[in-house]
């Protein structure tokens, strides 16, 4: 039996349920009688840790079978919040500016708030279903609800979602680590050496850092690394905000051959060269002055100055640097999947819940509320200021867009290092639920084995390395996985498990009507988003896109 299942979850009545008082009173009696019989085994546990998530239906034999698993959680409220926040944050934050560019500011904010609220509601359904269903393992909830098909459905969804998440982290390493190494070595461009090849680098990082961290036995050990990862992401958001006020619009494009910047414009305009105030930067910025000449220069002098500087310039459209509030195009299809992918933490909710100290459903819901709200604020800031920096020129991986502007910039170099460290330390967190799913499916009653523990981690990491090397752009990871498995985990599975396993509420109760509406919304969203993405692939195939 998996150690994450049925570990002393509080069974206080649900305040949200009008039928909360209907929980069997006989449960307390059963719990007390069994507690007396096993008092020596649970001598060091508090009263709550001796209650089992069984709804009073387990007999003495099953209680005895579960006895070894019923030990209290040891992870603090703060560490649990760090772990869940880190699971939410991931690399989705790097794709949000791209989503805003293809939805507009107002539409993006509405969608972001809606997805955050729906994610909170989904966690509420999942936690309540875990209590009523008697398991803290996603696959076993599926098995109790629909038998073997439900177990397989949960397994496939968790595996696809977390493999997509791991792949997106490795994509960041593939794209950003060569740029960091190139900057440290003072190279103006990638020379093609093996140590600047992202495919080689992700293999080295996977074997040297990710695999050893993935061999830890418990998820709680990663609480401190989660806190450090979040600190790195806070630093990332801070620098994105700071750079918004340094990079002018229209976007300066670095000409590596002469060390200057050029604009993508077509008509003459007046520009003034401004030094970049960032330390050790090899870049000069150009500001657009369309209504006056550079100070002290007449028209001919200005033109001569521009000719001598080697700057290429063209006029830009009037609205190129104007923010868009509502945007609808073929890329809008990727916006909602990217947002959904950014808020997925559901495979980690139950493992974190199982390790929460003095756990209760309400306490875990508070952890979820704090984590999702905090990430909502960080997402909004990163998306808004990233979009207002690059507007329509933003890329699907935000940090990669800055390479258009800088050859070397100390704050951005530090940001890239921070993000690389953060995503590298996050990979083991999303690997844990996949390994648990594999063990639950293939080795449900086997004792713990270090060899199996190692081999599953090694195979998963190897498969992700192959995927990252073969898939050309990160957007298709975010879009397709977000539209399929992420919607299963956020919308569909929690709703159907709730409808099936929560017996004490009638089907016409407000709680189940809400879950049914939630299920229908999830189905329509998944079908619609995947259809739009497939249509976009047909008419604008991936090989024709350059990022």
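Each residue, glycine too, has its Cβ placed from N, Cα and C.
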Original post:
Looking only at what Swiss-Prot records, are residue 147 and residue 434 on the same side of the membrane?
Top reply: yes
Original post:
Can you say which of 307-327, 370-390, 391-411 is given as transmembrane segment in Swiss-Prot?
Top reply: 370-390
Original post:
Of 264, 369, which does Swiss-Prot mark as N-linked glycosylation site?
Top reply: 264
Original post:
According to Swiss-Prot, N-linked glycosylation site sits on which of 83, 276?
Top reply: 276
Original post:
Which residue range, 32-52, 53-73, 221-241, is the one Swiss-Prot calls transmembrane segment?
Top reply: 221-241
Original post:
Distance between residue 321 (disulfide bond) and residue 232 (site 'Influences on amino acid transport capacity') at the Cα atoms, whole Å?
Top reply: 30
**OP:** Can you tell me which of 105-125, 152-172, 370-390, 412-432, 515-535 gets the most C-beta pairs within less than 8 Å of the transmembrane segment (221-241)?
**Re:** 412-432
**OP:** Answer yes if the transmembrane segment (152-172) and the transmembrane segment (370-390) have at least three CB pairs under 8 Å among residue pairs 6 or more apart in sequence, and no otherwise.
**Re:** no
Subject >> C-alpha spacing of residue 249 (disulfide bond) relative to residue 232 (site 'Influences on amino acid transport capacity'), in angstrom >> reply: 27
Original post:
Top stretch among 105-125, 333-353, 412-432, 454-474 for CB pairs under 8 A with the transmembrane segment (370-390)?
Top reply: 105-125
Subject >> Sparsest Cβ surroundings (other CB atoms within 10 Å) among the disulfide-bonded residues 249, 321 >> reply: 321
Subject >> Packing count at residue 232 (site 'Influences on amino acid transport capacity') (other Cβ atoms within 10 Å of its Cβ) >> reply: 21
